[in-house]
């Protein structure tokens, strides 16, 4: 007798072992038809999996997130099947699920073209319509390796050699194609109805630039055509909002080959940067932080003591001088501990909150660099809080409150919070981790925030909270972090004198709100499609004269506004007013101030708001008041 507990709490009993598909069929024909897989005692399995023991089971359909993952994984295999049919000499490697889709890497003797992708996608559709059953079998390591060698698939044979001896080797087959995979997969290819191949890119075997270069075909797959259409529309909109394109169009920044992963900020871009930095500076100062500045280059011995030299060396830029090794800092924390250690600290000094707009450098692979989103040189709105164990919950509450307020001011209303919990390999006792994790939970609860818990995802030195902001296109970006550190204060010898005169280690909280300033500015540019709110815009207004006779008035008006703190420029060129309006409209300036003879004589200005909205003619004081109202409204 096998007892199966279903998600609603009901229990079904079966005389003999049953498959997931048979359980679904016993519940109803609709569920049997919709079943894509099962979740057996928390593990995803195929519908063909036999259940021979009492267990908890959920039937997975396309309404579940896991169901969509199964569809995407199976579509990756469908892609490989189609490629092998059309291009038999191509070798298959790996094909995982990624956000919004999948990819599969191939080794082939020529580049795949857009025309090839069309053929492959058409063949995938033909195979899917055949509704071929997908079968799974478990085989020995030798049998699997021998099979793939016999058909010339050397990459698959190499993968098998790297699989742990304790793991099962599973082969999935449909039609004339067999692939190595952990699974699970859909029961038949007919379940794969909505998919599209997107692009081809280069990739290295096992992600190592020393290995062969492969071709990576990306695709997307969905349960409904409407969902795919919505996603493709979002991609079109994302392309229009691409910060690299807007950075060029709005003359904000550029990057060049001589300095990969580093940003050349132009005047308008640097003005935008300064608005963000000065805003953040005001917020952390108001929250009781003390701003510091630490060296960019520090001796190897400090990085060895912190553990970075041993564990992070390949991502650090290093240099040598007078027979001493140095590293350009990839992060600010060791330097902040040095400031804390400089002098004897008392419990009365705590909490101490050190903030720094710290310039860091990391040796990211050149292939991973992506505009402002992935760089080698970046500035963090970094801070470290040194406090007692009794204070860390209050400090966490204060940080949560600050972070939520900052995100709202920048126009981000939807924040997903994730709490990463203890990994298997970790420092500290279970009791210490219990207190740390519960303390972060209590802080989130006190702020009225909901969160998702990620067991095993914490760093070895402590749990952390991550803050994921959603942009205007619904994309999620992890920006903020609150990381509790149980290790670094001890490694670097940080201590304070407790009330009983004993020496104790402070609790150290690493925290950032925007994270990398470069990346956050990229997110901001795309979120607002380059049309920054007036409080952030590099120029809040541009004064435009219609003819030569208004040049003096337009110039005087520009100076008057500048003295009142408005970021304004004057465009006094001898060009048609329609040309100047169009040019500054494309630059997404919040306000265009047009002056002709009537405005000059009346000492007024004609105001056009972004989007072509005509606000009419008004005295300059009225415009300044309107702008000030805009600036107040963001808070």
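For all residues, glycine too, the Cβ spot is worked out from N, Cα and C.
Annotated features in Swiss-Prot:
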DOMAIN    1-61  domain 'TGS'
REGION    242-533  region 'Catalytic'
BINDING   333, 384, 510  Zn(2+) binding site
Tally of DSSP helical, extended and coil residues in the domain 'TGS' (1-61): 14 helix, 25 strand, 22 coil
Near-site residues: Zn(2+), ref 333, 384, 510, CB cutoff 8 A to centroid: 331, 332, 336, 337, 382, 383, 483, 485, 488, 508, 509, 511
Least Cβ-crowded entry, counting other Cβ within 10 Å, from the binding-site residues listed as 384, 510: 510
Mean of the pLDDT scores, which run from 0 to 100, over the region 'Catalytic' (242-533): 94
Three-state secondary structure, residue 384 (Zn(2+) binding site) (per DSSP): strand
Chain-internal residues near residue 333 (Zn(2+) binding site), provided their CB is under 8 angstroms and they sit 6+ positions away: 306, 382, 384, 485, 488, 508, 510
